[in-house]
């Protein structure tokens, strides 16, 4: 039978899909449209050495991780920390459990990740995420639509599994926990799926409530088994700062969103008013901390150390050339700002009182 030969760039001879090395040993060449460049080199090395490469698996896991938008997770993690800290400082502190804390954090963050994935899917389906989109997961075909759907389903199932364990360990009534948890889960889906709150200018309201009062109340109740509505007052600084993340994102994407036919608060009020609103959301929490610091404890002045960074971010918001950096930088600020607030709540001799009734 006739054979075909081809001289490879390295000077080796290829016959019928086999490569002859300088030592005279023949190995199968890596072929296929997607096995090129570095991937082909890794695959060929694996065949020669007998050790399969793990780089492909690692890169896939990294891709899935990036699809979760980990930079945004401070919006759900910090309220959970705050609610847990308030539980530790409350009259029901003897109920505090580290196992409950970790399960609460896992449950809340997992649902947040699932909501991010759902957001990625529906933004792409509706033609909102295009070539200039910040989220490249589906735009650049990093993951397929089926993979994104599967990832979202797995995350929701994992969150529900965490909730079941939490319900077993928590002293709270099952119906109270379920009401808040499944309300939050539904909101994370309906933000872009189904009703699509994001697309009818209600996304800001959902985020303001969900990643503030609701998350703090859920974490507090999971630990203590009690409803304390004063915890919602403590959530106000975090809720405002978290809304600043979303508003900066929507302001940056306003032109693209308008072309896609959706309506956000940033589109309704325009660029100038959006800048004013962003500044209010960014700096109002610092005013609250200043008041708390003077009236209750100097510990509440601790988050003010992040104020210079807030001014830098606000300056970038006003510049079209640096506007694209603002959402992630605001999220980073939210994390450090929130952690310092939690530390203040843990260390302060006296906590603020909001005059609300406890149950």
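Quick reminder: no glycine exception, Cβ is built from N, Cα and C everywhere.
Listed in Swiss-Prot:
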type     : residues : note
COMPBIAS : 1-16     : compositional bias 'Polar residues'
REGION   : 1-23     : region 'Disordered'
TRANSMEM : 67-89    : transmembrane segment
TRANSMEM : 98-118   : transmembrane segment
TRANSMEM : 148-168  : transmembrane segment
TRANSMEM : 177-197  : transmembrane segment
TRANSMEM : 200-220  : transmembrane segment
TRANSMEM : 262-284  : transmembrane segment
TRANSMEM : 289-311  : transmembrane segment
TRANSMEM : 335-355  : transmembrane segment
Would you kindly list the residues that approach the transmembrane segment (262-284) from elsewhere in its chain, counting only those six or more residues past its ends and only Cβ-Cβ distances under 8 Å?
126, 128, 198-201, 203-204, 237, 240-241, 243-244, 247-248, 250-251, 253-254, 310, 313-314, 317-318, 330
Please work out which recorded stretch in 67-89, 98-118, 289-311, 335-355 has the most C-beta pairs separated by under 8 angstroms from the transmembrane segment (177-197)?
98-118
Lying 6 or more residues past either end of the transmembrane segment (289-311) yet within Cβ distance under 8 Å of it, the residues of that chain are 237, 282-283, 333, 336-337, 340-341, 343-344, 347-352
